[in-house]
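Worksheet for the structure shown next.
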């Protein structure tokens, strides 16, 4: 996967969670006579070397083959007459056919993947987030980007107190009814680096990251957006009618907590409704009062502002999560059902598909292809430089790439048993190259050895939609528990974060092609929890637009308890870093955000500033520490570890206890009926947890009116010493007609935070 760019700074060790990834792929639209044919691959006769050649044997000379599918389905797409289709139905292995209806492909396909539609659901119900103000603390913004045009936008809300701050190549006219505010903060940076000269001393974005995140959250409609032909379509953010305010506190030279605190502080004064933070404190200190993000965002919570923050990009180990303060909504990163590909077509018409983001030109023209084994000699490679070179993983892949680049070969195929074929570092090749596994690699080698005149072509810029299973938890996404507050389950949920297409600064290079030519674009595909976070901020804006009086805790609860724990195959969401085994809530929280369900969750778990303070008291924070966080003097007469949170985590394995003894952990929660006006009854449904006895009392909650509150007790009982590191299940409250399904994840763990 992609490598995180960590900006570790001199004093505060803030980590700027930039990441370059997003899961994105789509099918091209076809004519009405195009069909997708589903096949039973087990029926393939042994005479065929591969399924592609088998499929091709079924087609008449007049049929036009389009794609061969290997992952999403077994089958192919083809243009057929009605009589040809009827004939094909008699072929061995035929399963079904589907007419390939024209599709309207969208750039930020993530909104489609999350179920957002203009015909029903969260978008029309919220009027696309109209009137809500999303503040973003990031690297600045490129105001001329089409994502920030104000066509269709309402006027700036009268409650808005922000401004468009003058700076280098940036003035008040840079803002409009979409981008309603822009400020920049670098005094802390300059104070620590007095000789530093900042050339773009303004809110303008020179790196692209801030433009990217803010357009994901609330970008306006942009037609014909793409990344060099990949993901071509109409771009839009999660809340396309919400307003954006940018607070630039992250610079290419570094980022300091003082500047970040100033940015958040001003955002609270300006009047933002939602705050999106794709940065955080390095896990160096386990006390919340030393975390500037935790401190600043407590004030935001008190003002009724929901703060959405990235979990970090230091996965897949446990205890790597940042931004886990209980008043935050912490977001992990997932893939979508979209992927980007290239196609290697051999001279025998067998096609090998591979992940690729190569931005250069491609051609169907066949070139000679030659197998060079390890590709260890630049001199030998130069002798066949006008061929497509095939290299097997004898040397390191990076060495082979260097050699082929030096030899200036036409193109290359790299075969490896490692995960290079899925690594973003490699698929962003600077020259025409395919990265394949051993199975496809052997098909290529066999063809070369068995052909008197082996040829091949390399094509790129293919986008495929509908891959399964999706989503998956991506490997870089940081995992809980949060060291500073392990008794709250984090992350809260997942959102699309891998290879997300969104707007970019046109002066920041997005790719390089051979020999050393930099490429620029108005859109870019990058990955990380930085990209996942504004997805959630945008969806939160939709909820805020419908429920203006809901607290940050209520909005968070609505998003968490309606998240999807299943993927598009209706199986558990998988963890890429753990061999595609089911992800636990310590890795994915409650699951993938579901915008349409979040608008009407039925029940919410609400919490106030006093509830958080009682929780800090129960964690044995001193009066001084609590004052640092809350900016007020509070005594600790009332203490409670039962923060009214929409999830549960229990720690077992007390090393000083008898492992044969039983441990009992009890949780108290209160839910508020925000659903039906009249009476309604909810019944508890528990998903079992191996080796533990889980119970809830009462098992039914009766509500007579809207906004009524009811409390319940959840009990976990089991051995003091768990055999497994993580055991997980869930508690779901379902009303009698099944209209509302309110799900909370439960984790029991034996994890222990080791001393540094």
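Start at 1 and count along the chain as shown; that gives each residue its number.
Every residue, even glycine, has its Cβ placed from backbone N, Cα and C.
In TrEMBL, annotation is done automatically, which means it is predicted and not curated.
According to TrEMBL, the protein has these features:
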| type | residues | note |
| --- | --- | --- |
| SIGNAL | 1-26 | signal peptide |
| DOMAIN | 34-106 | domain 'Inhibitor I9' |
| DOMAIN | 129-566 | domain 'Peptidase S8/S53' |
| ACT_SITE | 138 | active site, charge relay system |
| ACT_SITE | 209 | active site, charge relay system |
| ACT_SITE | 530 | active site, charge relay system |
| DOMAIN | 642-747 | domain 'Subtilisin-like protease fibronectin type-III' |
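There are 33 other Cβ atoms within 10 Å of the Cβ belonging to residue 530 (active site, charge relay system). As a whole-number mean, the pLDDT of the domain 'Subtilisin-like protease fibronectin type-III' (642-747) in this prediction is 92. DSSP assignment over the domain 'Subtilisin-like protease fibronectin type-III' (642-747) gives 0 helix, 61 strand, 45 coil. The number of other Cβ atoms within 10 Å of the Cβ belonging to residue 209 (active site, charge relay system), over all protein chains shown, comes to 30.
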